[in-house]
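Please read the structure below before turning to the comments.
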Amino acid sequence: MNADRMSSVANSFSEPASPQPTLKAPLLFISVLLIASCGLIYELVAGTLSSYLLGDSVTQFSTVIGVYLSAMGLGSWLSKFLQRGLARRFVDLELAVALVGGCSAPILFQAFAHTHAFRVVLYGVVMAVGTLVGLEIPILMRILKDQVRFKDLIASVLTLDYVGALFASILFPLLFMPKLGLVRTSLLFGLLNASVGLWSTYLLQSQLGPTRLIRLRCLAVMALLAVGLGFAGKFTLAMEEEIFADEIVYAKDSAYQRIVLTRGRGSFQLFLNGNLQFSSADEYRYHEALVHPAFGLRPDAKRVLICGGGDGLAVREVLKHPSVQEIVLVDLDPAMTDMARRQPMVRQLNGASLDDPRVKIINADAMVWLQETSGPPFDMAYVDFPDPNTYALGKLYTARFYRLLQRRLTDDAMITVQSTSPLMARQSFWCIAATMEAAGLKVRPYHLAVPSFGVWGFALASRRDFDVPTRVLPGLRHLSDEATAAMFAFPKDMDRVPTEVNRLDNQVLVHLYAREWRRWS
Amino acid sequence: MKRRSFLAASAAATLPIACRRKPEFPFQGALVGPDLPMGHWLRGGAFPDPERFEPVSVLVVGGGVAGLSAAWRLVGAGLDDVRVLELEPEPGGTSRSGRNHVSAFPWAAHYLPVPDRGNHAVLRLLDECGVLEGFDAKGDPRFAEEATVRAPEERLFAHGQWWEGLYLRAGASAEDERQYHAFFQEVDRWAAFRDAKGRPAFSIPRSRCSDAPEARALDGLSFAAWLDARGFSSPRLRWLLDYACRDDYGSRLDTTSAWAGLFYFAARKQGPGEDSRPLLTWPQGNGFLIEHLRQACGTRLNCGVMATAIRQEKDGLLVTAWDAVAQRRIGWRAKHVIFAGPQHVAKHVIDGFAAARPAAARIHNAPWMVANLTLRARPQEPTFPPAWDNVLRDSEALGYVVATHQSLHDYGPTVWTWYRPFTGPDCEAERARLRALDWPACARMVMDDLRPAHPDLEGLVARLDVMRWGHAMVRPAPGLIWDPDFLALSRPFGAIHFAHTELSGFALFEEAQDHGLRAAEEVLAGLGHPTSSWR
C-alpha cells in the first residue's frame, strides 16, 4: 500500500520532467477510434433499452442523449483536476468505463425487473458512463500533446472520434443488436474498453512505471466481463434471450409471474413464465376466434365477463360489439393489466381497450373472486387463462370453476373457454370439454390455426342447447360466416377421446397436459 | 464518594436497558388455551353447593365432538330440555378452529375420510352441512368437490427437496418396493375380511368392526412386533407406518397395537385393491363440522362453564358447576347426564367413579403441540409445489397443513398449522415436558423444525400462536382396544352415560360422534322416547 503510493508519487513527478519521445502515437489514435465506438454504443444501449422498457422512444432517446452529452461535458471539465500520472489514470479510466458501461445493460434490465426506481438507475448509469467517457479524450489528448503538434492532434483525435461513432452507429442496429442483443453487446464493448486499457499499458509503458499490478487489474476486469459474456446463458435475461430468440424489450417479475415482451421479425410477443401468450403477427386470429362466435349466438349481450385476458386483446374484440355496456375483466396480476395499459406496443395493439370507460379491471384470482363475491349476472363469459401447467392454473379448469362461473351468469349466457391445442394436447382439450359437461354445460368445441401456437382450440358452452354459430360480425380480419361454421368440424386426428373429469381433488388435467406437451418440447 | 455512588446508581439504572435483549424472533405470538389452570383447579376438590339446582332432562358435560353430537341427536329426536356445558370459551374440543384476517385455520383435527355408505351418522351430518351431493349409480355417496382435499394432497421433504406423496419412491430399492406392496396386500387381505355375521375386521366407527378372535388377536402385540414377525424391515415402509401412528395416535410403532396400526389403513380402503378413501377438509379443519353442530345446539350450549361435581341423589343427578363468565356457582338437577369429557376428568367429578372403574386409569393420552403460523407471503418453492399436507421426513413433528389450500387462495398471505405429538413412552413425563415450554421455546421448536425445508421462513412469519394440548389423543396401546374392562367403560354409571372418542381407544371424529349418538340413544331409551337409531 505504502510502497504503491510512493511509486505513484515518484511516477507523477517524473512525468513532466521527461517527455517521452518513444510514445506510439499512431497506435494511440486507434485507441481513440475504439473508445469512441464504445462510448457511443453505451449511449445507444441505454437509449434503446429505455425506449423498449418505457416506451416513447423520442423522449427516451432525447433524454438519454442529453444526459449523456452533458455528463461528457462534466467529465471533460473534471479532467483538468487530474494532473499527475495521466497514463495511469487513463488505464484506470478505461477499466472503469469497461465495468460501468459493459454492465450497463444487465444492470438496467435488473433494475427494471426488481426495483421501482428504474429511471433513477437509468439516468445514474448514463451519467456515470457519460462522465467517464467525457474524461477519456481530454486525458488522451494531454498524453499525446507533447508528441504531436496541436493542430494535428486535434484534427486526428476528433476525426477518429467521429469515425468511431459512425462505425458504432452503423454496426449497432445492423450487427450487434440482432446478433447479440443488448446485454451481450454492452458486455462485449466493456471487454473492448478493458482491452484498450490493457493495450495502453504497453503503449504507455514508459510513463507507467511498474505495470505488473496494472495489467493484472486489466486482466481481472476483462476476465470478469468475459465470464459475464461466456456465462450469459446462466444469466436470466441472456438465457431468456436465447429461449425467446428475439430481443427482450420488457421484462418484469411480478408477484405472480414473469412477464416478458420480445420483439423481432416484424412482430412482438408476450410470454408469461416463458410460455407464449400471443404474437402480434397472428393474435387477431386467436382473439377473433375467442370472442366472436359466442356473439354470433347472443348478438345483444350487454354485460361481459372476461377471466384472464389481461393483455386487453379480447377486450378489444368485445368492444367491437355495440350492444356491450359493461366489461368486467378479472385478471390476477396488476403488473399485467398495467403493462397492457401503459406499454406502448401492447397499448397500440389492444387499441387502449383497457382504458375504455365500459371496462372495469379487477385484479384477483378469478376463481377466488367468483367464489367470494356476488353481483348482477353476466350474459357472456370468456375464460382465457394460460394453459394448465401448474396446479394453481389447473384449478381454473375444474368442474368447480365452471359451476362457480355459472352462478354469475344469466341462464342463457354463452361461455367461451380457451382450451389448449386439440392436436398437440388432444386429451387435455377433450378433458376440458368433458369437465364443462360434468358441470352441467352443453359444449361445442371448435378450433383454428394460429401459426405461432399451432392448431388451437376453444370450447363454446351454455346451460341451454344451442346450434353452431353461423354468423359473425362483418369486417373481421380472419373470421367470416363460412370460416366460423367450419371451425366446429373436427378432423379425425383431433376428434373426441374419452377422458376423466378434471376436479379439484384429482387435477387430472395438469398431469395430462404435462404428459402430452412433453412430446412436443 | 457521592459522585461515585451516583455513577453506580445510574449504571444500575441503565443495566436493565442494556440487558434487554433484541427479541429472538421478528414476529409475535402467544400461548393460547386450553385453560390449563381452570382444568387443573378441578383436582382441588371440595366445592360448596350452589344456592339452587335448576331442573333439566339431560345435561351434557363437555362440548367437544362427542358432547355436541349427543346434543345434536337429542335435539334431532325432538328433545328440547337439554343443556351442554363446555369448560372452554369455544366448543369443539380437539376439533376447535380459529380465524384471523388471513384465513380460518384448525387448532387440531383437520380432516374426515369420506364415509362409506354404511356410516349413516357421518353421512347424515355431511348431508345437513351440504357436503353430501348424492349417491352414484353404485349407491356410493358423492361429495362436493370443494370439500374434498384439493390436489396435490401430500408432499414429503427429504434429501433437501419436496417430493409428491408421503412414501418416498425416489431411491427405493427393489426390496423396499416389494415390502411396500406386500404390506398393502396384507392390508387388502384385512380389508376383505368378513366374519360369520358379515362384519368387516376394520371399519369406521369401530362399533361396526368384527370381534372375531383372529382380528382381536392383532391387539395382543405391538405394530412393530407384527411387522417384525412378517419381515417388514424396509426403513421407508417403517417410516411411513410410524408416521401414521404418530399422526393418528400420538404413539410409535412399538407403543401402538397392531390392530390399531392395521385399522388406520384397512378401515379407510374403499375396497380390497382400491385406493384409500379421499379426505374431506375445510380451511378451518373439522371446525367446519363443529360450527354445524353448534348451530344445532343453539342456546343450549353454555361455554365457560365447568362441571365440578356430579352425584346421584334420590330425585336425580345433582350437578355442580362453576360459571367462569359470570363468576358464580350454579347447579342442575338432571334426569340423565351424558358425561362427554375424558375419563381422567370423570374421576375428579363423578362421585364414586374412581373406585368403581379402575380400568379408566389404563387410558393414556398423548400431549400435542399445535402451532398456527400466519405468513405474510409464501416461501420460494423450487421443487414439488405446496400441497395441503406438507411433511418433513427427518422430523419429530408431523409437518404442516396449509389452511388456504382448500379455500383456493394460492397467492399472498396464508396460515400454516404445524403439528407435533409428544410420543415418548411415558405420557405423564411428556406432558410435564410440554407444560414447561414457554412461548419462545415453542416458537424455537417450530422454526427449527421447518428451517431445513424453508430457510427463508422466519422473515415471512407475521405471527406464531401455539396451543399446548395436554391430553390430545388416546393412545391405542397393545391390549387396550379389546380389553373387556376398558370396553365396559362405555356402559352407563347409574344415570350417567359416557361419550368420548377415548372409549374407542383412539381419537377420531367418527368415534366421538358414534359414542355421542350411542349415549344419546341410551338416554332417549331411558326417557321412553320412541326413536330409531341414527348409527
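For all residues, glycine too, the Cβ spot is worked out from N, Cα and C.
Because TrEMBL annotations are produced automatically, they should be read as predictions rather than curated entries.
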**A:1-20, A:261-280, A:481-500 - the range that TrEMBL marks as region 'Disordered'** = A:1-20
**Prompt:** Averaged over the domain 'PABS' (A:232-463), what pLDDT does the prediction give?
**Reply:** 92
**Top partner of the transmembrane segment (A:153-176) among A:27-46, A:58-78, A:90-109, A:121-141, A:182-204 - counted as Cβ pairs under 8 Å** = A:27-46
**Message:** I want the residues beyond A:Gln257, A:Asp331, A:Asp365, A:Ala366 whose C-beta is within 8 angstroms of the mean position of the S-methyl-5'-thioadenosine site's C-beta atoms, in chain order.
**Reply:** A:Tyr256, A:Gly308, A:Gly310, A:Val330, A:Leu332, A:Asp333, A:Asn363, A:Ala364, A:Phe385
**Complete:** Within the same chain, the residues 6 or more beyond the ends of the transmembrane segment (A:182-204) and with Cβ under 8 Å of it are 23-24, 27-28, 31, 34-35, 37-38, 41-42, 45, 48-49, 87, 90-95, 97-99, 101-106, 109, 143, 172, 176, 211, 214-215, 218-219, 221-222, 225-226, 228-229, 232, 235, 237-238, 241, 247-248
**Top Cβ-contact partner of the transmembrane segment (A:121-141) among A:27-46, A:58-78, A:90-109 (pairs under 8 Å)** = A:58-78
**Request:** Quick one: of the recorded positions A:Asp311, A:Asp331, A:Asp365, A:Ala366, A:Asp384, which have a CB under 8 A from chain B's CB atoms?
**Result:** A:Asp365
**Message:** Same chain only, please: residues at least 6 beyond the ends of the transmembrane segment (A:27-46) with a C-beta under 8 Å from a C-beta of the stretch. Say none if there are none.
**Reply:** 64-65, 68, 72, 94, 97, 101, 104-105, 108, 122, 125-126, 129-130, 133, 136-137, 140, 143-144, 156-157, 160-165, 167-169, 172, 176, 182, 185-186, 189-190, 192-193, 196, 199-200, 203-204
**Item:** Beyond the flanks of the transmembrane segment (A:90-109) by 6 or more, those residues with Cβ under 8 Å of it
**Value:** 35, 38-39, 41-42, 45-46, 49-50, 53, 118, 121-122, 125, 128-129, 132-133, 135-136, 139-140, 143, 182-183, 185-194, 196-197, 200-201, 204, 208, 214, 217-218, 221-222, 224-225, 228, 235, 237-238, 248, 251
**Request:** Taking the residues A:Gln257, A:Asp331, A:Asp365, A:Ala366, which the record names as binding S-methyl-5'-thioadenosine, find the longest CA to CA distance and state it in Å to the nearest whole number.
**Result:** 16
**Asked** When the Cα-Cα distance from A:His287 (spermidine binding site) is computed for each of the recorded positions A:Gln257, A:Asp331, A:Asp365, A:Ala366, A:Asp384, which gives the smallest value?
**Response** A:Asp384
